[in-house]
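TrEMBL has this to say about the protein:
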type	residues	note
ACT_SITE	A:D426	active site, 4-aspartylphosphate intermediate
DOMAIN	A:40-105	domain 'P-type ATPase N-terminal'
DOMAIN	A:887-1137	domain 'P-type ATPase C-terminal'
TRANSMEM	A:302-323	transmembrane segment
TRANSMEM	A:353-378	transmembrane segment
TRANSMEM	A:922-942	transmembrane segment
TRANSMEM	A:954-971	transmembrane segment
TRANSMEM	A:1001-1023	transmembrane segment
TRANSMEM	A:1069-1088	transmembrane segment
TRANSMEM	A:1108-1128	transmembrane segment
Amino acid sequence: MGRGRKRQHHFGRIHTSSSGKDSFFGEHFLIGGPGFSRVVFCNDPDCIEAGNQKYASNYVRSTKYTLATFLPKSLFEQFRRVANIYFLLCALLSFTPMSPYSAISNVLPLVVVIGVTMAKEIIEDWQRKKQDIAVNNRKVKVYCDDGVFNDTKWRDLKVGAVVKVEKDEFFPADLILLSSSYDEAICYVETMNLDGETNLKLKQALDATSKLQEDSDFQNFRAMIRCEDPNANLYSFIGTLDLGQEHHPLSPQQLLLRDSKLRNTDYIFGVVIFTGQDTKVIQNSTAPPSKRSKIERRMDKIVYSLFAFLVLLCTIGSIFFGISTSHDLDGEFMTRWYLRPDDTTIYYDPKRAVVAALLHFVTALMLFSYFIPISLYVSIEIVKVLQSIFINHDLHMYYEEGDKPAQARTSNLNEELGQVDTILSDKTGTLTCNSMEFIKCSVGGTAYGTGVTEVERAIARRKGSSLDEGMAGEEVHTEDKTSVKGFNFTDDRIMNGNWVNEPRADVIQKFLRLLAICHTAIPEVDEETGRISYEAESPDEAAFVIAARELGFEFFERTQTSISVRELDPTYGNKVERTYKLLSILEFSSSRKRMSVIVRDEEGKLLLLSKGADSVMFERLSETGREYVKQTKEHVNEYADAGLRTMVLAYRELDEDEYSEFNEAFTAAKNIVNADREEEIEAVEERIEKGLILLGATAVEDKLQNGVPDCIDKLAQAGIKMWVLTGDKMETAINIGFSCSLLRQGMTQIIINSETPENKSLEKAGDSSATAAAFKASVLHQISQGKALLDASRESPDVLALIIDGNSLTYALEDDAKDMFLDLAIGCASVICCRSSPKQKALVTRLVKLKTGGTTLAIGDGANDVGMLQEADIGVGISGFEGMQAVMSSDIAIAQFRFLERLLLVHGHWCYRRMSSMICYFFYKNIAFGFTLFYFEAYAAFSGETAYNDWYLSFYNVFFTSLPVIALGVFDQDVSDQLCLRFPLLYQEGVQNMLFSWSRILGWALNGILSATCVFFFCISAVETQAFRKGGEVVGFEILGTTMYTCVVWVVNCQMALSINYFTYIQHLFIWGGIIFWYIFLLAYGAMDPDISTTAYMVLYEACAPAFSFWLITLFVLVSSLLPYFIYSAIQMRFFPMYHQMIHWITNDGQSDDPEYCRLVRQRSLKPTTVGYTARYEATSKRFEEVEVEEE
Amino acid sequence: MAERGETSSAVGNDAAQVPFTSAQKISKRPKYSRFTQQELPACKPILTPGWVITAFILVGVVFIPIGLASLLASKRVVEIVDRYDEDCIPQSFKNKTLGYMQDDKTNKTCTRSLVVPKLMKSPIYVYYQLSNFYQNHRRYVKSRSDQQLRSKDGEWKTTNCEPESLVGDKGPIVPCGLIAWSLFNDTYKFSVNDTRLDVNKNNIAWDSDRKHKFGSDVYPKNFQSGGLIGGAKLNSSIPLSEQEDLIVWMRTAALPTFRKLYGKIEHDLEANKTITVTIQNNYNTYDFEGKKHLVLSTASWIGGKNDFLGVAYLAVGGICLFSAIAFILVYVLVPRPLGDPSYLSWNRNPAGRWK
């Protein structure tokens, strides 16, 4: 488009996209009414009236907080958690005399924990702020006085300003297009950021403003726009432009949305109508449903049960306290006279022992708050952020070609990735590349194209019975010989201009010309190389144009009214440029399943060129045009069998009258305002698309993504079930099922199809309710048949596959059928739902999620998968070429399907393992600590006195024990990533939730109680009443507290060291550092003034450290409290190893490098896998063996 | 919580990430580091039989000598424990202990004879042992004023000391609070063969207490002058830092049964010698059914007499050796390849959903 910036074109009334221009006239009366009150003063943004309108500023804020709102808002967020409220309450109560510890020591940890969380929020928000600043400070040219456009920052843009946006720039706000560098005032817009569609959209300004093409033209430009209020609807817009006395209607055709990009157009002029928060993009951004992982939900339950336990302990304590207090005073007689029960406060008053007990309950609640790990939530958040960073930075999940790393968009679900039970996958763009390759064609009854498709290869493999074929699955991806993307066609009969020598050269010429003309793609000429690339609505279409180019019909220019093609002239053998006048485009729609163009060639002939699905095209052929129908049909069926997408091409010549008649009707239909417009247009189109002459058919391969069969095989071995939900037709879906080993020979296919002949005839009869009933009956019948098959197969090794089409799915998903359907589906090894709508995808996902109770993962790439992604427990978006819609609503985005293997088997498994160990350990350490407090209580008449110094208490969770847990959550690996992948069944630990089962949680809690018991009772038995060192000194309150605390710190940290699988220097640093830090802290704190250090004054330096018994007690308590766990795990490791421990054994024995041995282990330890090529291989070899046996 | 903000702005963010011209496109390839790729060097401990057995043997080998040494040290300590609370009440007052204790006129002197079982080397520590006395009760522990004990300026800081904080119009009690008020006031006098044994009451408190926590300029004031007398009285001419009995008493005990150092006898006591102790049985433990013991004990490197640590060390060491042997036996008798998958837990216990 580079040459000649302005070319004279006729006003593009023919171009389809201008059709919407006048069509919404009917709604314009709304303007000025409610919801349509916006008034924009064009080119006069600073006038007084505009000032009164209170437009939003164009400053866009994506941050969660502002300076002013940060504190209240983030605090509110923090204290929405029950645990945090509890700690806040404790902190507040600690200022009353009920508190067992000093207020400051209790407030500080809370402040630290809340502070860290808030700091995290600030850091996250700051990242957003930086992006905001970058966006808001972008420059755009805004009209100032005297016909000059000056650079202005986006943030300063005002409603009504006239801006000039240049090629490849983003629109700074929602604009009304006034004019462009084209005389027709059109421009091309890329809306990838909005709706994910990669094709360009055409926008066109009003006639009235289209002449404002120079900067200086705006000097006297004044206009007023009245339009709808800001709303979120991207595809509608209603307004009028008042230019002087004239009112011009405005439609979405003139609306340029913020965050879309100007393409293929040198510049445009536009008026700002919505700014900042008012823009449609920002109005549109909604938060996805927030998801929480199962582990976290269970963790909440643990927290609540700990609360309950805590209340129980407090109650016990309070009862005992009440009893002992009431005994203090018997009339005038005081038993424990040293407490002066005769003259006391309410808290200890024996006369009101019940009240005292109740108040003591509050004290105890505060005291035992150490049962609840205060740092739990913040630690988990930190850990999850770090885990997400690992996912984001994993080089194995970085897609070189697309420059796309994996992206964990929410860190909430990391551990859920380790528990996936069912994967629901989209097909196109997910399993397949969505890059279409032109691979075969049938022209004039002759099939061309020698390329072998992926599916053909798979089928060939399937048919061949050689034993090692199954394992050869990895080498499926042979490198492409052709370097042209979208073109994988080889046939010397046609290529390099050889087609002229073919018997039906004229047909081939027409065929190729049709490919070059009949489309809506836009060429883009690379100015340096002269190479042409195409922007097309769909990849198939691009494949056609590319194929035409490669075969000598190079489409190189499109204007509003013409299409220019460089084509080979068969008579002279040279290239000529031909321009076809584009008269009409009859667009593609899913109901029509075809598109056509009407062009006038250079000789003045009128041609109707059509391409479409075989089902609609064959019936539109004329009697004379059916010459090759038989062969073509055969070819088309062959292609479809090979998993290719087919398209039938046909044409006919029109005469002038016919065309003008059509054009009249077509224009009239387009100008209809009411709801019948679409139908009317279709009817008109229908009338002309008939009597066609068949040229041939094309076949385009929907390529499988790299590594898909391999990945599916691994996932199947990991015991994950895989469902494919696709919008494609059944044959294609089944083909893809075969090529990725979800289906194989010997599998019994249960096909539930509503398109049976009976149903079809019913449909034709037209009685809709009867049809529905019959449909349903037939679906139910088929399901129950399937069930019967399933029941029968339970005994035999037969494996079933369920294939159901969308229409049947509608009935199968109804309330009375869905349980049965699900039973059937779960019993089948693979499930493929084809022709399913986005809604159905979401419904199926929900059904699986709710009914099986397993974790579901949905993976998809397109806007039609959004519902499914949001419905599933985890939504994984493929950040492919389809744009951002799926990614935007996903929880995790990856670039290729095959990365799912690593995401689940490695990251998922690790995260699950880490998170579950971490939470268990958290509860362990707090129970171990809390119980020592409780035991001490029992020895202190339940008076609420703590064994430890206030600061020991408060630092326990924050400093001495928290970092090792975080390190565990971030770094621990039970087995290395290679081994995770080599032994996929390891993943079942997560699916069956073996590491976070209630028994395991309870086990850790009991271990905590055991540790606390060891610590407390061994300590008090060891020091009892006697002197504890040579100097004859006895153990006081502070020395016992310090000793016990030292033991707890040692035990808890060493327990961690014992249970950890992966010791990096960071773990060493944190674990041993935590212990050393305790001693350092004790020294430093003990050296402080006694007013500050109180009971800790000089306690280590003077009393403990010089005493042998202190060290002996520490060593003894440490070893004896770890001994039970050690014996337990030694026995478990030896006799009842879990799967990861098995792998440890294998690695330890050095057998993991022996592939044969690994395979053996896999075989023996596996449930038979049902899908994937390993299963296929096994099935084949089993048959092979059976045959051998029979032969013997 | 965090994702809400992120996604609501997602559209805008992505626009920001796309550079203006494709020429300046920066690769998003993650940078390699061992940290982000989770490839940090690490040791991966596995509980192999070798390790388990080694660990058990190691613990056994270390613990048994320690246990023996501790037990020996404890056995070497000579200890005389004498409970006197019951015997020191005249028969006639058995049921009126309160009256007996509160009456100034009753004779509370009580004489006991103790036999030295073995040679006791100097220093011999004299303890009193109280039981069922909750020095760790929260009301009791809190009832003191460290500022007041430390310096004269803190005299009025008595808020925690209620009800032993002030005496009418005479100002604050020094030392205030229940702990000081209930100071132990039994006294012991020792003699062997009518020769008096001196009890050294110096240096029985921790240095840090004497030097830093109890002021040398703080003198007892208004102490035990209220209506109800708790325990011992203090000589108001001696500063608190030298009132070692008080200092020892003020270091509250952790458990309801506790000993406190009374003094030191710096003479060796021959075996079978009889010590005569003259006790002033002033302190009322009868009301709360507490016992009183007098304890004479020597000390070894491990402290006083308590076999627990020694026995416990021996026990754990024994268990470990036993476990080691058990594991070795298992290893020898039932050898199996470690990576035998038939031991896999879910081979034997398949998940219900699968056949």
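In case you wondered, yes, glycine gets a Cβ from its N, Cα and C as well.
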Same-chain residue ranges lying at least 6 outside the transmembrane segment (A:302-323) that approach it to Cβ under 8 Å: 82-83, 86, 353-354, 356-358, 360-361, 364-365, 368-369, 371-372, 376, 919, 923, 934, 937-938, 941-944, 1001
Per-state residue totals over the domain 'P-type ATPase N-terminal' (A:40-105) - DSSP helix, strand, coil: 32 helix, 3 strand, 31 coil
Under 8 Å by Cβ from A:D426 (active site, 4-aspartylphosphate intermediate), same chain, sequence gap 6 or more: A:V724, A:L725, A:T726, A:K841, A:A858, A:I859, A:G860, A:D861, A:G862, A:N864, A:D865, A:M868
Highest-contact recorded stretch vs the transmembrane segment (A:1108-1128), from A:922-942, A:954-971, A:1001-1023, A:1069-1088, CB pairs under 8 Å: A:1001-1023
PLDDT averaged over every residue in the domain 'P-type ATPase N-terminal' (A:40-105): 82
Closest-packing stretch to the transmembrane segment (A:1001-1023), where packing means Cβ pairs under 8 Å, from A:922-942, A:954-971, A:1069-1088: A:922-942
DSSP state at A:D426 (active site, 4-aspartylphosphate intermediate), helix/strand/coil: coil
